[in-house]
Amino acid sequence: MNPQAKLIFALSLTLGTTLTISSNHWILAWTGLEINTLAILPLISKSHHPRAIEAATKYFLVQAAASALVLFSSMTNAWHTGQWDITQLSHPTSCLILTVALAMKLGLVPFHFWFPEVLQGSSLIVGLLLSTLMKFPPITLLYLTSPSLKPTVLTAMAILSAALGGWMGLNQTQTRKILAFSSISHLGWMAIIITYSPKLALLNFYLYTLMTAAVFLSLNSIKALKLSTLMTTWTKAPSLNAVLLLTLLSLAGLPPLTGFLPKWLIIQELTKQEMALAATIIALLSLLGLFFYLRLAYCATITLPPHTTNHMKQWHNSKPTNTMVAVLTTMSLMLLPISPIILAVV
């Protein structure tokens with residue numbers, strides 16, 4: 001792709017995200033979401049592979065439908081209350097429609113079907129954008145409207161997302177699909193807490209973005225799209241593979257790694273809100289996710305391929321690992337001891 005075109009799309013993504021997260025008016029927020037959708041479509045379909053074109057089409061249809069619902073929700077609210085302010089969403093029907101629209105934008109269950117397919121049709125870098133940057137505007141809108149939304153609906157969606165995200169990721173062999181179901185599962189943790197402690201949901205999103213970026217960039221460095229390829233990459237970048245094991249365990253939420261922090265705080269907050277049953281259920285469902293993270297980690301670092309493997313062993317990578325990967329990986333592993341400082345800032 002032409003570098004100038006890439007620059008325009010990158011600037012458009014930045015503009016769309018900034019417009020949505022900084023606006024108070026529904027029309028401006030909607031405009032930002034539309035700019036984002038239109039900017040990411042050429043990046044998804046740039047390879048001209050039939051699967052990439054299919055992914056771009058699916059993404060466009062889902063996002064267009066969700067944007068239409070956002071507009072419909074805000075217009076209904078304005079019709080009944082005369083308010084276009086994002087934080088003044090008070091009409092019950094508008095709140096329900098907005099919850100559905102943002103669930104479609106994020107890929108929460110039961111509106112999750114498009115997300116693994118779109119990620120599978122994209123490259124790893126575009127997959128990273130779809131899993132992190134493209135979810136920031138909808139999460140911000142959820143944050144701003146959280147006092148008006150129904151906790152029961154969000155809790156039901158959250159538990160279903162944690163369950164299906166873990167369950168459907170168990171049998172996957174493609175790394176992008178595994179990370180898609182991991183994203184759905186993490187979104188469940190954010191959705192369950194957003195009405196009770198919106199700042200905690202945002203902290204969870206930031207830490208999830210950090211860890212997912214580390215995993216995506218590590219996989220991109222070793223060009224691993226399938227588990228069978230991942231088994232032979234230990235010869236290419238041994239140190240990166242070893243650290244990838246720890247980053248995946250952090251994403252699974254094991255102490256003493258960074259990923260344990262949001263899960264610990266969310267369970268603590270849910271218990272304070274007398275939702276011990278929901279906290280227990282979502283904590284148990286995260287064990288499903290732990291299984292496929294361990295499977296990824298096992299394939300990456302512990303198994304040696306059999307001598308009859310169909311995959312050629314990769315050459316040892318003499319180039320130094322990207323600095324960004326090193327920084328993100330370090331942060332994905334070592335932020336738990338400074339959690340009091342993080343909480344003081346948040």
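Count begins at 1; order follows the chain as displayed.
Positions of Cβ are set from backbone N, Cα and C atoms, glycine also.
Positions annotated as domain 'NADH:quinone oxidoreductase/Mrp antiporter transmembrane' by TrEMBL: 23-288.
The domain 'NADH dehydrogenase subunit 2 C-terminal' annotation in TrEMBL covers 290-343. The domain 'NADH dehydrogenase subunit 2 C-terminal' (290-343) scores a mean pLDDT of 76 in the predicted structure.
Feature annotation from TrEMBL assigns transmembrane segment to 96-115 (among others).
For the transmembrane segment (124-146), the residues of the chain that approach it from at least six positions outside its boundaries are 13, 16-17, 20-21, 29, 32-33, 36, 40, 43-44, 59, 70, 86-87, 89, 95, 98, 102, 105-107, 115, 118, 176, 179-180, 183, 187, 190-191, 194-195, 198, 201-202, 205, 208-209, 212-213, 216-217, 219-220, 225, judged by C-beta separation under 8 angstroms. The transmembrane segment annotation in TrEMBL covers 124-146 (among others).
Positions annotated as transmembrane segment by TrEMBL: 152-171 (among others).
A Cβ distance under 8 Å defines the sequence-distant neighbours of the transmembrane segment (178-197), meaning residues of its chain 6+ beyond its ends; these are 106-109, 112, 115-116, 119-120, 127, 131, 135, 139, 142-143, 146-147, 149, 151, 154-155, 157-166, 168-169, 172, 204-205, 208, 212, 215-216, 251, 262-263, 266, 269-270, 273, 275, 278, 282, 285-286, 288-289, 292-293, 296. Here TrEMBL flags 178-197 (among others) as transmembrane segment.
Only residues 6 or more beyond the boundaries of the transmembrane segment (203-222), in the same chain, are considered here, and those with a CB under 8 A from a CB of the stretch are 124-125, 127-128, 131-132, 135-136, 139, 175, 179, 182-183, 186, 189-190, 193, 230, 233, 236-237, 240-241, 243-244, 247-248, 250-251, 258-259, 261-262, 265-266, 314, 317, 321-322, 324-325, 328-329, 331-332, 335, 342, 346. The annotation transmembrane segment is assigned in TrEMBL to 203-222 (among others).
Same-chain residues lying 6+ beyond the ends of the transmembrane segment (243-265) with a Cβ under 8 Å from its Cβ atoms: 182, 189, 200, 203-204, 207-208, 210-212, 214-215, 218-219, 283, 286, 289-290, 293-294, 296-297, 300-302, 329, 331-337, 339, 342-343. What TrEMBL records for 243-265 (among others) is transmembrane segment.
What TrEMBL records for 277-304 (among others) is transmembrane segment.
What TrEMBL records for 325-345 (among others) is transmembrane segment.
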Intrachain residues whose Cβ lies under 8 Å of the transmembrane segment (152-171), provided they are six or more past its termini: 96, 99, 103, 108-110, 112, 116, 177-178, 181-192, 194-195, 275, 278, 281-282, 285-289, 291-292
